[in-house]
Amino acid sequence: MTIALGKYTKDEKDLFDIMDDWLRRDRFVFVGWSGLLLFPCAYFALGGWFTGTTFVTSWYTHGLASSYLEGCNFLTAAVSTPANSLAHSLLLLWGPEAQGDFTRWCQLGGLWTFVALHGAFALIGFMLRQFELARSVQLRPYNAIAFSGPIAVFVSVFLIYPLGQSGWFFAPSFGVAAIFRFILFFQGFHNWTLNPFHMMGVAGVLGAALLCAIHGATVENTLFEDGDGANTFRAFNPTQAEETYSMVTANRFWSQIFGVAFSNKRWLHFFMLFVPVTGLWMSALGVVGLALNLRAYDFVSQEIRAAEDPEFETFYTKNILLNEGIRAWMAAQDQPHENLIFPEEVLPRGNAL
């Protein structure tokens, strides 16, 4: 019995092969299959944001001016979240709320869901683009894995958190000052800075910045001289076989500074990947917890003692009072639809005031 082994080849290309050839062709800007998701979604997300910040008011959703047309600048303009009464509606243009009326759709906050959902899929498309290109040039996919950190933060903050609350209203609006408002809201209503997941996120992001600065400086300090251009970007050939900098010298330097140092480039660079990505993922997990209204650390014994002893105050009890102040002063401004009125006597006053 004879078995013939060989590679099967099709006589003519089908539609998939034709599309694959065109999408993955070597060109100045790579398209790829991931581009079918990335480019349209990124275009719509950015276009929706520019449209909203330029023309669309937030008067009907937040009682605010939020566009350049109304007098805002780059820092104060925003695409605002829909009203709380609309809960978690997708706010489709052709849905029951807007009924195909584009002006009404903008007034209701439809641009926010439009930007948020297209933005999320655009970020996912960008990660898939990194996977696709890495596979094409036979790289490992760690760039795409690293980009999962920002995606996790975006999805948790803009989508999962409001899904756990009463509506999209409690998500951040897309604007600089709007994000600042959201940060104050997170602190006042969730005591976010005392949340261990926030602490891990801060450690990851700031630790990554420190590692990046140290690594860049160390490489610059230990470059091998090679010709006249040793201190310029033309000093080395991108296809060179030899090292660009001296790992041995760098190891000796940091061993003297700290007593310990990385002795392996692979471990060093994996650590530089691990620190920020883990920090971002921990932050995202913390925000998912806040969506379920999980609490941060509570030091109840200090609160009880502060309530009983007029002379006792800690930075923790002071922060708790500040959070109460944020809630009392902010809720009425931030949620005008609730018609909240707080008498002067219920506003928090600490022992030190």
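Every residue gets a Cβ built from N, Cα and C, even glycine.
What Swiss-Prot records for Thr2 is N-acetylthreonine.
According to Swiss-Prot, the phosphothreonine annotation covers Thr2.
Sequence annotations record features per position, and here Swiss-Prot assigns transmembrane segment to 41-61 (among others).
As annotated by Swiss-Prot, chlorophyll a ChlzD2 binding site applies to His118. Taken residue by residue with DSSP, His118 (chlorophyll a ChlzD2 binding site) is part of a helix.
Under the heading transmembrane segment, Swiss-Prot lists 125-141 (among others), citing sequence analysis as support. Within the same chain, residues 24, 30, 32-35, 37-39, 41-42, 147-148, 151 sit at least 6 positions outside the transmembrane segment (125-141) and bring their C-beta atoms closer than 8 Å to a C-beta of that stretch.
Annotated pheophytin a binding site per Swiss-Prot: Gln130, Asn143, in sequence order, evidence recorded as sequence analysis. A simple way to gauge crowding: the CB of Gln130 (pheophytin a binding site) has 18 other CB atoms within 10 angstroms, across all the protein chains here.
Look at Swiss-Prot and you will find 153-166 (among others) tagged as transmembrane segment. Here the transmembrane segment (153-166) has Cβ contacts under 8 Å with residues 81, 84, 87-88, 116, 119-120, 123, 172, 280, 283-285, 287-288, 290-293 of the same chain, all six or more residues outside its ends.
According to DSSP, His198 (chlorophyll a PD2 binding site) sits within a helical segment. A C-beta separation below 8 Å, combined with a sequence spacing of at least six in one chain, links His198 (chlorophyll a PD2 binding site) to Trp192, Ser283, Gly286, Ala296. Annotation comment: Swiss-Prot describes His198 as chlorophyll a PD2 binding site, evidence class sequence analysis.
Taken from Swiss-Prot, the feature transmembrane segment covers 208-228 (among others), and the record attributes it to sequence analysis. Beyond its flanks by at least six residues, the transmembrane segment (208-228) meets 235-236, 242-247, 249-250, 253-254, 268, 271-272, 275-276, 279 of its own chain at Cβ-Cβ distances under 8 Å.
Annotation for Phe262 (plastoquinone binding site): same-chain Cβ neighbours under 8 Å, separated by at least 6 residues, are Asn251, Trp254, Leu268, Phe271. The plastoquinone binding site annotation in Swiss-Prot covers His215, Phe262 and is backed by sequence analysis.
Around His269 (Fe cation binding site), a 10 Å sphere centred on its CB holds 14 further CB atoms from the protein chains shown. In the three-state DSSP assignment, the secondary structure recorded for His269 (Fe cation binding site) is helix. Among the features that Swiss-Prot reports, Fe cation binding site is placed at His215, His269, with the record citing sequence analysis.
Look at Swiss-Prot and you will find 279-295 (among others) tagged as transmembrane segment, backed by sequence analysis.
Listed as Cβ neighbours of the transmembrane segment (41-61) (distance under 8 Å, sequence separation of 6 or more from its ends, same chain) are residues 67-70, 72, 77-83, 106-109, 111-112, 114-115, 118-119, 121-122, 125-126, 169, 173-175. The candidate set comprises the binding-site residues His118, His215. Of these, His118 has the most other Cβ atoms within 10 Å.
Following the DSSP three-state reduction, the secondary structure of Asn143 (pheophytin a binding site) is helix. The Cβ neighbour count for Asn143 (pheophytin a binding site), using a 10 Å radius and every protein chain shown, is 15. Distance between Cα atoms for Asn143 (pheophytin a binding site) and His269 (Fe cation binding site): 12 Å, as a whole number. Separation of the C-alpha atoms of Gln130 (pheophytin a binding site) and His118 (chlorophyll a ChlzD2 binding site): 18 Å, rounded to the nearest whole number.
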